[in-house]
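Below you will find the structure I want to go over with you.
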Amino acid sequence: MGIFPSDSDISLPSKDSGISLDSIRSPLHERSTEWRAMWISIGMQFVVGVQISVYYMSMWPYLSGLDKTADMDFLGWVVAACNIGCTISNPLYGLWNQKTMSCKWPTITGFLIAAVGQVMYGAISEVQQHGKWYMLAARVVTGLGVGNLAALRAYGATASTPKDRLKAISYGTAGYVFGISFGPAISAFFTPLGETGFNIWILKIDMYTTVAYLMALVCVLAAVLMLVFFQEDYAGIIDKNQDGDEKYQNYVVVPKYDLVPALICIYLYMIVSMIATNIEVMSTPLTTVLYDWKDSQAILYNGIIESVTCIVSVLINFGIGKSRIGKIDKRLQILFGLGVFVAFHLVNYPWWFYSGPLNFLPPGSNTTIVGGCLDTYTWCSSTTRVPMALYIFAFVFFFGIAFPFVESPAAALYSEVLGPRKQGMMQGLFSFGGSVTPFVASIIITFLFQHTGYKYVIILQSSTIFIAFVLMLVFYKRMVPLKLKPKNGESAAYKNGVFYSM
């Protein structure tokens, strides 16, 4: 996969150099992906997904029980807190990987920081005042840790050979999506412990704190696994500092990448991250008002729905990596996924022909006892109810199908657009985009939900999907992998100037 500069730039290798023309043209194709390390990195992406999403459905009842001054607006900030931490740390972990070519130590450091944040989250139940601020701080610390996703993504993109790249990235995405989807199901599993629970010495054990302490333990075990078993091997890049690559440096040139398709891939990841976060965070308060589910029911039922959705998404991600589906043009996969996202939003819009209006809570009740609208939700009196069967079907199939068909090919295409170079910093920016959007969006959508209902949440998200459609269609021909060998006689730019293929 190399490129020849013109004869005026460099001389061709001699017979005595030990370098064949075929090896210069395709040094990456001589290598093989180290799948043991790749599977460990995929497993670590699953752990990151779990750490981010595990409280999505249980956060609101935990928060409202801890601090009566907390409202839906503050919930938006708490949800955003983890993404604030990720937004800060993603580029830092990416830069760390870029400078040191290490995935192991950024990942280990991140998990240890995340473990501290999870212990803080569980210990909030012991404080008597200002619980909402402690929760906010705990989620920021956790986010500072799980920003190590940037290093794990960079490893998947640079440690896989060109023929394995889509498979590696699809499997990594599957691991992360599985974690994002499976996290809320873990909270649902512990609902039998109840909100009161019991005490073990100084620790309060209930349906909320047990999950937090379990997540801290998982982070520590993940760090140990990385330390003991993870051996890095960057088979997918050409680097003069990497053993065996020095002989190619005079003959192989990696041209500059096209920035526009790279930015579009980042935008695609931003919108799917935003939609995933919004849908999962809003599922508990939304089903509480739509179907009169009390808090524990909403957490349990949505956890079950999430688990089934997770199975659908993971199967599709593995299908993309393993079957002929992955051979379909990535641009067509992305457009299909965006179309399914549109179908999801159409079904969940409160159309006038759905039944309504929504029910308010009985006087003196709260959502720990019975479901319904708070008296401050004045929009409930004019809002219709999405049929439960449609809601479940759309959540499981439309959401479950759309997410992997946008994120996996967009992530793989992003890596291919960048080419066989160090990608730590750019993968950090990719993950940064996936963190900063949910951070902003969670604040906006919780505000919209509290004051105007979920109709405008649907409209906002649909608008971002429409923009993605436009960008994909306008720049369709440029959304292609980096061309490492231009046509004969044509020039291409690289970091030291311009070269020609002759």
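Positions of Cβ are set from backbone N, Cα and C atoms, glycine also.
Where the annotation comes from TrEMBL, it is an automatic prediction and has not been curated.
In case it's useful when we look at the structure, here is the feature table from TrEMBL:
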| type | residues | note |
| --- | --- | --- |
| TRANSMEM | 35-54 | transmembrane segment |
| DOMAIN | 37-480 | domain 'Major facilitator superfamily (MFS) profile' |
| TRANSMEM | 74-93 | transmembrane segment |
| TRANSMEM | 105-124 | transmembrane segment |
| TRANSMEM | 136-156 | transmembrane segment |
| TRANSMEM | 168-190 | transmembrane segment |
| TRANSMEM | 210-230 | transmembrane segment |
| TRANSMEM | 259-279 | transmembrane segment |
| TRANSMEM | 299-320 | transmembrane segment |
| TRANSMEM | 332-352 | transmembrane segment |
| TRANSMEM | 388-407 | transmembrane segment |
| TRANSMEM | 428-450 | transmembrane segment |
| TRANSMEM | 456-476 | transmembrane segment |
Counting only pairs at least 6 apart in sequence, do the transmembrane segment (35-54) and the transmembrane segment (136-156) share 3+ Cβ pairs under 8 Å?
yes
Same chain only, please: residues at least 6 beyond the ends of the transmembrane segment (136-156) with a C-beta under 8 Å from a C-beta of the stretch. Say none if there are none.
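Residues packing against the transmembrane segment (136-156) from afar: 37-38, 41-42, 44-45, 48, 51-52, 77-79, 81-94, 96-98, 102-103, 106-107, 109-118, 120-121, 124, 168-169, 172, 176, 219, 232, 234, 411, 423-424, 427-428, 430-432, 435.
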What residues elsewhere in the chain lie close to the transmembrane segment (168-190), defined as a C-beta under 8 angstroms and at least 6 residues from its ends?
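Distal contacts: 33, 38-39, 41-58, 149, 152-153, 156-157, 159-160, 207-208, 210-211, 214, 276, 280, 283, 299-300, 302-304, 306-307, 309-310, 313-314, 317-318, 320-321, 326, 403-404, 407-408, 411-412, 415.
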For the transmembrane segment (105-124), which partner among 210-230, 259-279, 299-320, 332-352, 388-407 gives the most CB pairs under 8 Å?
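It is 210-230 that shares the most Cβ pairs under 8 Å with the transmembrane segment (105-124).
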Going along the chain, which residues at least six beyond the ends of the transmembrane segment (210-230) come within the CB cut-off of under 8 Å?
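Apart from its flanks, the transmembrane segment (210-230) reaches 36-37, 40-41, 43-44, 47, 50-51, 54-55, 58, 103-104, 107-108, 111-112, 114-116, 118-119, 121-122, 145, 186-187, 190, 193, 197, 203.
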What stretch, picked from 74-93, 332-352, 428-450, 456-476, has the most CB pairs under 8 A with the transmembrane segment (259-279)?
428-450
Take the domain 'Major facilitator superfamily (MFS) profile' (37-480) and average the pLDDT across it for me.
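When the pLDDT values over the domain 'Major facilitator superfamily (MFS) profile' (37-480) are averaged, the result is 85.
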Flag the pair the transmembrane segment (74-93) / the transmembrane segment (428-450) as in contact if three or more Cβ pairs fall under 8 Å (sequence separation 6 or more).
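Judged by the Cβ rule, the two regions touch, with the required three close pairs present.
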Hey, which bits of the same chain come close to the transmembrane segment (332-352), Cβ under 8 Å, at least six residues off its ends?
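Cβ under 8 Å, 6 or more out: 268, 272, 275, 320, 325, 383-386, 390-391, 393-395, 398-399, 401-406, 408-410, 413, 453-455, 458, 461-462, 465, 468-469, 472.
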